[in-house]
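Here is the structure we will look at, set down as structure tokens.
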Amino acid sequence: MSSGRIVQIIGAVIDVEFPRDSVPSIYNALKVQGAETTLEVQQQLGDGVVRTIAMGSTEGLKRGLDVVDTGAAISVPVGKATLGRIMDVLGNPIDEAGPIDTEERWGIHRPAPSFAEQAGGNDLLETGIKVIDLVCPFAKGGKVGLFGGAGVGKTVNMMELIRNIAIEHSGYSVFAGVGERTREGNDFYHEMKDSNVLDKVALVYGQMNEPPGNRLRVALTGLTMAEKFRDEGNDVLLFVDNIYRYTLAGTEVSALLGRMPSAVGYQPTLAEEMGVLQERITSTKEGSITSIQAVYVPADDLTDPSPATTFAHLDATVVLSRDIASLGIYPAVDPLDSTSRQLDPNVIGQEHYDTARGVQYVLQRYKELKDIIAILGMDELSETDKQLVSRARKIQRFLSQPFFVAEVFTGASGKYVSLKDTIAGFKGILNGDYDHLPEQAFYMVGGIEEAIEKAKKL
């Protein structure tokens, strides 16, 4: 246990001088004496000086304070004791429910599983959300990104997915709140409590008001807990909200560490940092990690380096669109922009594949005809195009669905729609079985039976 002293403080970055024969290794955790602060070594500057990031507030720290090297990376509690608890980046409980009852702790920096250890699978994960199950189905053990700008419904979609999957799936879940609003973390906790699934979820929060060190490492803390469950042979769900804030924290830290910024001011190590995190989120022969990540898209620009880097790692992408949200269609998933590796007739079956592609064709054609309709009106279209437009508008409305987690806002009770019912409903619309129903009947309903009932009342 070598000790050193603080020689410089720049915001969240602190330089510590050690004797030259006992300089701590990269990623070692250091403890500041007389303060609660933990530091993580990022660079060795030479002459016994290391540059560190503070995992917590740097208020009250000053030059000359003693710092002790713990000789290991930051470690966090893992295992069943973490379920139902809220923890911070260091694994300390922040829910005022006493200490976490476990001896076992794992370091947050771990190697990704080797190629030989990894296992792939084609099992589908049913979410009960029509548009997702139809157009961008999730794979069990896959990675999913929810992309969207500010206020189009990433977190609400995420909470609905957690609710549906946690209740239907009955496995363990880990939720990492990375740089999001504390209010959302609070809502989320109560939502889990009310749904009686809190005893299956471990919650790790590093919210918006935390220093960049916490926001940078909290995703790794959550991932480490998920890896422990996976290695015990479980199928785990890992939810990260929001992966963009992880990148942003890296940007803040990178500038303070004195690295030269790259495109749009991001850190030069953006792709590597993202890779280190994403490569660990994988399924092995022991168990699987299915991860669902919300990705904030700055200024609705999907070509921004941060979302663009994230795209490369995902199996399915759910793109939320402001244009669709402005039509009042929620979830505001863009069925033409969202994709999945699972959308393959050999994986999901021919019927599902044909229905999904049929829906996309009709919506794409409607999009092309919109300009003609805007200039010349519906009357100038051929009969087949008129029919197609009518079906497209029904499909568009049928892609909406009331959510359980939004019941308090909308007053409409949530709906879980099985994959079988989803395919049957859209197939019927494509085949013209419901051409006689008004399009309002398809808005904000669950299965097609409900639309038929609703039409009778209109």
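Residue positions begin at 1 at the first shown residue.
Positions of Cβ are set from backbone N, Cα and C atoms, glycine also.
Listed in Swiss-Prot for this protein:
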- Gly148, Gly149, Ala150, Gly151, Val152, Gly153, Lys154, Thr155: ATP binding site (BINDING)
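Taking the mean position of the Cβ atoms of Gly148, Gly149, Ala150, Gly151, Val152, Gly153, Lys154, Thr155 as the ATP site, the remaining same-chain residues with a Cβ inside 8 Å of that point are Tyr296, Leu320.
Cβ-based neighbour count (10 Å, all protein chains) for Lys154 (ATP binding site) stands at 26. Take the binding-site residues Gly149, Gly151, Gly153: by the count of other Cβ atoms within 10 Å of each Cβ, the lowest one is Gly151. Of the listed binding-site residues, namely Ala150, Val152, the sparsest Cβ surroundings within 10 Å are found at Ala150. Residues near Thr155 (ATP binding site) in space but far in sequence (CB under 8 A, at least 6 apart, same chain), listed by position: Glu180, Glu184, Asp241, Ala294. Long-range neighbours of Gly148 (ATP binding site) (same chain, six or more residues apart, CB within less than 8 Å of its CB): Lys154, Ala294, Val295, Tyr296, Val297, Val319, Leu320, Ser321, Ala332.
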